[in-house]
Amino acid sequence: MLKTTLLFFVTALCEIIGCFLPWLWIKRGASVWWLLPAAASLALFVWLLTLHPAASGRVYAAYGGVYVCTALLWLRVVDGVRLTVYDWSGALIALCGMLIIVVGWGRT
């Protein structure tokens, strides 16, 4: 379970970075060269999703829970926004959903 969660976390970071760098280019006028590491990050994101031993749709559904938490961590650390009780509550619910799906992988 821990290995799966850590893999999802790294996967989420790759997806967020791969989307954040073009956002910097479009919204903040960063160099177009940031699109190269963005593309590499998104390619790594896709590859990491293939490392799970479940059907793709089930992996994407479970990954979503960790993505929500990682995005909120990004919101706090990178964007400097203080998390609310609603953020924390949503993250907890998302992680519970991920846990239920992952535990069920071996039972279907």
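Cβ atoms here come from the backbone N, Cα and C positions, even for glycine.
With respect to the membrane, Lys27 and Gly57 are annotated on opposite faces, judging by the topological domain names in Swiss-Prot. For the topological domain 'Cytoplasmic' (27-30), the list of distant contacts is 21: same-chain residues at least six beyond its ends, Cβ to Cβ under 8 Å. Cβ atoms under 8 Å from those of the topological domain 'Periplasmic' (52-60) belong to residues 4, 7, 101, 105 of the same chain, restricted to positions at least 6 beyond its ends.
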